[in-house]
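J.: Take this structure first; my questions come after.
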Amino acid sequence: MNSELFSPYTIKDVTLKNRIVMSPMCMYSSENEDGQVTNFHLIHYGTRAAGQVGLVMIEATAVLPEGRISNKDLGIWDDSLIEGLHKTTTFIHDNGAKAAIQLAHAGRKAELETDALAPSAIPFNETMKIPVEMSIQQIKNTILAFQQAAVRSKQAGFDVIEIHGAHGYLINEFLSPLSNKRTDEYGGSPEKRYRFLREIIDSINEVWNGPLFVRISANDYHPDGLTVQDYIQYTKWMKEQGVDLIDCSSGAVVPARIDVYPGYQVQYAKHIKEHANIATGAVGLITTGAQAEQILTNNEADLIFIGRELLRNPYFPRIAANELGFELEEPYQYERAPGKISTNK
């Protein structure tokens with residue numbers, strides 16, 4: 001039986017064997033607080049590759065030490081971090097998947113002893129510290145850090161880079177009028193609020209010619225915040241700059257109530273795909289093969305990002321293939337366990 005979910009997908013010169021992407025999820029497991037990969041990361045990501053995920057995207061990886069969400073985040077701010085990341089991509093490639101990295105800066109959500117940086121001195125909520133408004137020089141330094149991280153990503157063997165522009169972290173803070181109250185060239189109009197991301201994309205394009213994704217929060221869930229309509233223009237600009245795919249999440253730039261239900265963010269992937277004419281990834285409570293297949297069949301997205309379901313079961317692709325009646329090519333080491341895998345949890 002044919003399946004959209006298990007059909008290949010090519011972006012530039014990178015071909016994914018199927019449409020399943022491991023969504024980036026922080027593991028907070030750099031135990032020595034130095035940004036280094038640990039054995040846990042090798043097992044964690046290698047297992048999902050062996051489980052037949054097409055693209056394994058590692059967690060938000062900080063481009064600067066002060067840009068970590070926590071002191072146990074992975075980092076890519078120094079050449080000494082390349083070796084561990086290269087071991088990770090080797091594990092992923094050896095188990096049949098492509099490897100992606102999400103480059104990130106936590107902005108005002110950095111929970112470290114050092115000052116948190118943000119476009120404006122506005123805390124996320126009343127319990128978090130007031131961030132320091134970034135100077136122009138700090139902005140330029142951060143843009144350079146993203147570029148240097150892209151160089152290291154190439155050296156570490158990653159096939160895809162994703163820029164983290166979602167979930168209330170630094171880039172998202174610049175994009176949203178709720179967190180960006182600047183009156184200089186980086187704030188005010190949508191064009192000026194987009195400038196920080198524009199310059200990051202331009203800087204990465206100077207050193208990286210592989211597939212480039214951007215994760216966005218397509219809805220601020222606030223009456224004065226951004227909606228998916230606002231992101232149509234943003235994503236059109238991203239496409240003009242050569243971004244290949246928009247990973248469509250939502251929320252977390254300010255505290256907000258979100259009505260969560262199966263596939264609740266697919267609407268954003270569909271809307272941006274249709275109106276910005278760019279490839280999209282759907283993410284958020286996608287938990288079955290049938291659900292993922294329908295999203296692709298309905299042309300609502302091009303890739304399916306699976307998060308918590310892959311934490312629950314690293315062999316989700318095998319279960320999805322059985323569910324869809326698709327014969328998945330298994331690693332030879334698993335051939336002694338033929339037959340259908342139970343979908344019971």
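Glycine too: its Cβ is placed from the backbone N, Cα and C atoms.
Keep in mind that this is a model prediction, so the values were computed, not measured.
Annotations for this protein, taken from Swiss-Prot, read as follows:
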{"type": "BINDING", "residues": "SER23, PRO24, MET25, CYS26, ALA60, GLN102, ARG215, GLY307, ARG308", "note": "FMN binding site"}
{"type": "BINDING", "residues": "TYR28, HIS164, GLY165, ALA166, HIS167", "note": "substrate binding site"}
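So that I understand the layout, could you describe where these features sit and how close they are to other parts?
T.: Long-range Cβ neighbours of ALA60 (FMN binding site) (same chain, at least 6 residues apart, Cβ-Cβ under 8 Å): PRO24, CYS26, ILE69, ASP73, LEU74, GLN102, ALA104, ALA106, HIS164, TYR169.
HIS164 (substrate binding site) carries a strand DSSP state (E or B).
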J.: Spatially, and counting Cα to Cα, which of the binding-site residues is closest to ARG215 (FMN binding site)? Options: TYR28, ALA166, HIS167.
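T.: If we rank TYR28, ALA166, HIS167 by Cα distance to ARG215 (FMN binding site), first place goes to ALA166.
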J.: If one measures from the C-alpha of ALA166 (substrate binding site) to the C-alpha of ARG308 (FMN binding site), what distance in angstrom results, rounded to a whole number?
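T.: Cα of ALA166 (substrate binding site) to Cα of ARG308 (FMN binding site) measures 18 Å after rounding.
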J.: For the FMN binding site, please report the maximum Cα-Cα distance among SER23, PRO24, MET25, CYS26, ALA60, GLN102, ARG215, GLY307, ARG308 in Å.
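T.: Of all Cα pairs among the recorded FMN binders, the widest measures 17 Å.
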J.: Quiz question: given the binding-site residues ARG215, ARG308, which has the greatest number of C-beta atoms lying within 10 angstroms of its own C-beta?
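T.: The largest 10 Å Cβ neighbour count belongs to ARG215.
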